[in-house]
Structures are given as structure tokens and as C-alpha cells.
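> I am attaching a structure below and will ask some questions about it afterwards.
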Amino acid sequence: QSIAQEVVGLLCMVLLTLTALVANTVVMVVILKTPLLRKFIFVCHLCIVDLLSAIFLMPLGIISSSSCFNRVIYSIAECQALIFLNICFVSASILTISIISVERYYYIVHPMRYEVKMTIRLAVAGVIFIWVKSVLITVLALVGWPQGNGATSASRCTVYWSPGAHKKVFVIIFSIVCFVLPTIIIFAVYCSVYRVARMASLQHAPVPAQAAAPRHRSDSIASQVTIITTRNLPLPRLMPERFLGSNKAILTLVLIVGQFLCCWLPFFAFHLHSSVAAGMAGGGQGEMVVTWIAYSSFAINPFFYGLLNRQIREELARLRRSCLNRPLGQELCLSISEASVQENFLQFLQ
């Protein structure tokens, strides 16, 4: 049973790594090769961060997690480098997701302001901010690294190599900056986006004839009674298609926010509990499980933020057909009903 569990775990880790490599590479290439899609600069940056994580972090995670590599020993310098990459890429990925959420919010709620202020310079400044903040958080983890504990090597690299109050302070700051604040931002932003989308769906619903009639300014009692009557009319009922679109909007929000929480909540909760709880040592099977649940985000992000977008999928289909030398007459286009009902709110987000 132990061997079977080991094989299944190793296969799952390898499958996640390959998925992250392929999916992030595909989305990144599609965005960079298509000039019209270069507006998704933060989505492309997220794919770059997740691709770097799939190249460096996930293979090293396989070596650290699988008992097949028990003989691999890390020096202190190698362990510090691994922890630096781990914290830096995790921070950069989560901060990029937060900025994507804020960008979508301004694109939907304040479109005119977004068109004026969202420039290449601002996007580059946002990317620089992400990396500077990630590097500063990582440096904070390595400052005060214990040099006199007699350890010269280790078979597993973890933040818990740095014991004491420094570890507790870092894990608390790391959890607040890279999980608590981004979770609040993502939840608040997508709730605001949903309210705007629902108001838009109500505005497109059928309106009674009295309420749709133009109201001329008048001080007569009859006109005032008419205005009060129309204001007190019940809200129009949503048509079945509108109701279906509303349900899809809720499902989209639940998937985006739920995916983020499912991947990162166990990771940060485990590290917070392990660092704050007195006498509890880090590492072991629990740390490996929550780490790979968090790493699964690198494989899921390109689907949620890239391939679910209709424009990116269409460009990917065109590139695939051009590689297969198919004529343009065989291009597949989405129908109007599919674009308006099945993906109305998701396209609204993008």
C-alpha cells in the first residue's frame, strides 16, 4: 500500500508539472503572437510566473516530496536558493492574480477611466511592483538565517529551518501580505463586478410600457402621480435566458474565488498554525500535501485566466489550424446565442 501511494503521488506530481508547462506555454505564446491580445499583459505575466514555477519549483518539489530521491542532500546555500525561489514565485503569482482582478474591475465599472489611464507604462510599473514586493518578502525570509546551528546540509528545504521568533514573524507577515489582503481584494472586486453585471441584465430586461414612456418635466398633479406610480412598479421579471446568464455569472465568480481559496488556504493555514503553535515542528506529510495543493494553482491558472477567454481560444484555434495547413474556410466561429448566453458574463469579465 505504501508503494502504491508513492507511485500514485509521484504520477500526480508529474502530471501537474507537465500540465503547468504545456498550458502556460500555450497561453503565453498565443498572447505574444497576437497583437490584439497583448492587452492581456497581466495574464501573460501570470503565465510567465507560473511557467517559471513549473520549471524550477515543481521538479524540485518532486525531488523533495518523493522517497525515491531520499539520497539527495541540499547544502545551506542550495536550500536558501530554493526557499528564495519558492517564496518569490508564490508571491508574484498571487499578487498578479490580485492585479488582474483590479484591472477587470476598472475595465467594467470605470471603462472610460480604464481606457485613459491603462497604458503600457502603467502595466510595466505594475509588473515591476509585483517583483519588487515579492523580492522584498523573500529577503525578509532569509534575513536572520541561523548560521550557528551546526547544520550544513538537509534532505528537505523548508522555512522551518529558520526557527524561533523570526520564523513566526515572517510567516505572519507573509500570510497577511500574500493571502489575506489578496483574498479581500479579489472577493470585494468580483462582488462589485457581479453587482454591475446584474444591473446590466436588469436594464436589458423587458420594461412595462408606462415606465418606458418618456417623462416630460411638468409640475401638474397628474404628471407627479404618473411618476410616482411608475417608480413604484415592481422590477421586471428576468426571462429564462437572463436567469440562466445570472446563474452562470454566479458560477463564474464561485469558480474564480473558490479556486484561489482551495489552492492557497490550506497552504497558508498550515504554515500559520505550524509557526504559531508552540512546540510544533514543520515538515512531514502534511506540509507536502498542502504544498502540492498550492502548486496545482500553477497548472489551473492558465485555464481560468487564459483558455476560458473566448478571444484567446479563437486565436489558439487559428494558430492550430495554421500549423496544420488548413484553409481559412474551415474556421469555427461561435454562434450569437453561445456568445451571449453561455459565456456572457465571462466575456464581460475579460
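Heads up, the Cβ atoms here are built off N, Cα and C, so glycines get one too.
Predicted automatically and left uncurated, TrEMBL annotations should be read as such.
The transmembrane segment feature in TrEMBL is assigned to 6-31, 40-63, 83-102, 122-145, 169-193, 249-269, 289-308. The feature domain 'G-protein coupled receptors family 1 profile' is assigned by TrEMBL to 23-305.
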> For the transmembrane segment (122-145), find every same-chain residue at least 6 residues outside the stretch whose CB is under 8 Å from a CB in it, and list them.
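Answer is 41-42, 45, 80, 83-84, 87-89, 91-92, 95-96, 99, 159, 161-162, 166, 170, 173-174, 177-178.
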> Between the transmembrane segment (169-193) and the transmembrane segment (289-308), do 3 or more CB pairs sit under 8 angstroms, pairs being 6 or more residues apart?
no
> Out of 40-63, 83-102, 169-193, what stretch is closest in contact terms to the transmembrane segment (249-269), meaning most Cβ pairs under 8 angstroms?
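Stretch with the highest Cβ contact count: 169-193.
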> For the domain 'G-protein coupled receptors family 1 profile' (23-305), what's the model's average pLDDT?
77
